[in-house]
Amino acid sequence: MFPAVYGAVFAVGLPANVAGLAVVTQLLRRGNVLGVYLLNLCVSDLLYVASLPVWVAYTHRGGDWPFSRATCKAAAFISGANMYATIAFLGCIAADRSVATVFPLAARSVRSSRAAALVSLSIWLVVAAPHGVLLARPGLFFNDIEDNVTLCLDMFPLDNWRAHFNYYLVCAVFAIALLLLLASYCAIIRAVRLSIGLSPAQKRRLVSLLLGLIAIFVACYLPYHVVCFIRSYRSDVGACSCASESRLRPLHRVFSALTSLSAALDPFLNIFVSEDFKRDVRRVLVAIRPCCRRLAGARRRADKLRTATVTTVTKEQALDLRGLPSAGERSNSS
């Protein structure tokens, strides 16, 4: 199951995020502040997706790492850091949308591309710096002698340092992003419902989209972090046992695979649903429609000419087969 999930996310997420980068580039050229966060989201998702092939190979071998120690550390850093960068940028996107929607007048002085760039840089530092610790930890990569397999990032039970590291990720990154996303989208939903300029159908569509964004975020990330927190707490207080770890280990792997779905869904939920994207698509379709019509007309004329030529040749061949003179011969004889 795990190789199929990671492989599907890679197959969908790679082209989707590349296309998302093209769309976000157009937003940035127009001075769109939200485009700064969307750009960082696409970059984060692309880096995460780029690390998935090694996890496909790892899970396909049943949890036996086939690559080098350096590859394990690099893959662990890329996938871990970019997953939490994605979580943080999703929270920033929700907050930016909330400010622009609920406080449109104040947003003019608060929102700017420079401020968004500084926030994005801070997120990369906050997320990447602690994950850099993983590169120096000797316990990240080790051999399981009993089962004769090589493990990467699968630590059961957790060491104390990893338990404290998980506390930081769960509380300082995920929990803050979750609260920010919930508060922001709930504020937008309230503003949409109170709006007098939107039709009931438009309100339902916007509310459904916002609820969908909340549901996807919670479904992808909350189960994984609940299990991480439970494992970390039990290891920290010394209540960890082989029986409890054997129950939590399958859940941890399933929910870890579930987090990868966000990398494939983010472009569709945050970029391709925007009115700017739809307007650009309509503009492209309008621009290429005359060209398509001219090409279709030229193709029809070419088909008619080809059909007429084939018909003429067929008639000439039929006359020759019957031993009758052709039209040119009859004119010459006369």
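Glycine is no exception: its Cβ is also placed from the backbone N, Cα and C atoms.
Database features (TrEMBL):
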type     : residues : note
TRANSMEM : 6-24     : transmembrane segment
DOMAIN   : 16-270   : domain 'G-protein coupled receptors family 1 profile'
TRANSMEM : 36-56    : transmembrane segment
TRANSMEM : 76-95    : transmembrane segment
TRANSMEM : 115-136  : transmembrane segment
TRANSMEM : 165-185  : transmembrane segment
TRANSMEM : 206-224  : transmembrane segment
Residues of the parent chain within Cβ reach of the transmembrane segment (76-95), under 8 Å, 6 or more residues beyond its termini: 34, 37-38, 40-41, 44-45, 47-48, 50-52, 55, 116, 119-120, 123-124, 126-128, 131-132, 134-135, 140, 152-153, 169, 173-174, 176-178, 180-181, 184-185, 213, 217, 221, 259, 262-263, 266, 270
For the transmembrane segment (206-224), sequence-distant contacts whose Cβ falls under 8 Å of one of its Cβ atoms, 6 or more beyond its ends: 87, 90, 94, 174, 178, 181-182, 185, 188-189, 192-193, 198, 251-252, 255-256, 258-259, 261-262, 265, 269-270, 273
Chain residues outside the transmembrane segment (115-136) and at least six past its termini with a C-beta under 8 angstroms from it: 33-34, 36-37, 40, 73, 76-77, 80-81, 84-85, 88-89, 92, 96, 165, 168-169, 172-173
